[in-house]
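J.: Below is one structure. I have some questions about it.
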Amino acid sequence: MGGPYIGIVADDLTGSGDTAVQFVRAGWATQLSVGGAEQALADPAVRQAEVLAVTTHSRPLAAADAAAVVRGEVERLRAAGVQRLYKKVDSTLRGAFKAEIDAARLAWGEDAIAVVCPAFPVTGRTVRQGVLYVGDRPVTETSAATDPVTPVTESHIPTLLGCAQLAAQAGETPAELARRIAAAAPVVVVDALDDADVQRLARAIGVLGQRAVPVGSGGLAAPLARVWAGGQAAGPVLVVVTSQHSAARQQAAALQQAGARTWAPTLAQLADDRNWAAWTAEVEAAEHGMPAVDALMLLAPEGRLAGLDADSVARRLGELAARLVLAHGAAGVVATGGDGASAVLAALQASGIALVDEVTGGVPLGTLTGGQAAGLPVVTKAGGFGEQDVLIRAAQAIRERRFTK
């Protein structure tokens, strides 16, 4: 690697840690430095990291001093080739809040947009009409107001920053939110009342690309780490469903309804070599010219046909899946049904799976070892396991995690 892709600049060590760990959970190789970027980047081990979190220790500093420190750190990270910046701030607005945000934005680039949302709903921090709440109270009515070093005197973040504020809008897409943010630049506070709002904002930041400087706590960092990981994924997640279990069929239907492009051969096509060759040629030719999708599904038909057993169905679909992966690329593979999972691995000549996590109980996530697609993310699932949305979640787990091959 040539150096970190993502830089995190935090005003204290604990905040740096609780933000950096969100990137670890999303699969990024992450290094936390107790000091600044210059010292960290001199370490060969740090140069191998994908995410570097640096600590400015600037929370108790005067505004001008804090701004100077932050500006220097961002400039050094930028010079080192960092492509994405996350400015970690205190979730109760302590410190030289405005000075550090302005310094980070200006150092990042002329067209940079600071997107500010310190919400962390799981810890009770939310932003409503621009006001930061801790539980049901504005932050100035909490102990943060009497902090002995950096007391908080303003709950309304747009007043504190002198900037625009955007309320959440029901049904708004991330792209629509991104357009509103861009129109309100260069500094924008965005409301977030719950995790869904924070996740939508993270996706909007992904749409904005490199010019966005997200400003927040661990609450925004968690979904953003997944969004940025998804930006590294190439191709669709290929889902292979061979199980006849009713749960698997319902899960496949849910995935198709969510937008997965689906190829489903008939029993007659699977049973006859000539029919099968013609159908697979049609699929492979069509996939060359079709628009990109997040998920592509190969779905075995329901029912039985004399002379056609489950192993043959699994083998044919597994071999087709392997050809699609090798010809077109894929972000990963999800296989439901033990025979189907075995067939996919056999067709790719994989020797095993290096496990890294699980999508949900009994649904492991890993990467293939050996064979023609070593390092390819893979989820395997028994046909009867999981809730109705488990295939959707499995595809998301692959797309929203960083895998280092």
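A Cβ is built for glycine as well, from the same backbone N, Cα and C atoms used for every other residue.
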J.: According to Swiss-Prot, SER243, GLY337, GLY338, ASP339, GLY340 bind ATP; which one of GLY206, GLY303, GLY375, GLY383 is listed for that same site?
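T.: When Swiss-Prot describes the ATP site, the candidate it includes is GLY383.
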J.: Name the one residue among ARG47, ARG59, ARG128 that Swiss-Prot lists for the same substrate site as ASP12, LYS88, VAL89, ASP90, SER91.
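T.: It is ARG59, as the record lists it for that site.
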J.: Of these binding-site residues, GLY337, GLY338, GLY340, GLY383, which scores lowest on Cβ atoms within 10 Å?
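T.: With the binding-site residues GLY337, GLY338, GLY340, GLY383, fewest surrounding Cβ atoms within 10 Å: GLY338.
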J.: For SER91, SER243, listed as binding-site residues, tell me which one has the smallest number of other Cβ atoms within 10 Å.
T.: SER91
J.: List, in sequence order, the residues of the same chain other than ASP12, ARG59, LYS88, VAL89, ASP90, SER91 whose Cβ lies within 8 Å of the centroid of the Cβ atoms of the recorded substrate site.
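T.: Leaving out the recorded residues gives ALA10, ASP11, GLY15, ARG94, GLY95, SER217.
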J.: For substrate, with binders ASP12, ARG59, LYS88, VAL89, ASP90, SER91, what's the maximum Cα separation in whole Å?
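T.: Greatest Cα-Cα span of the listed binding residues: 12 Å.
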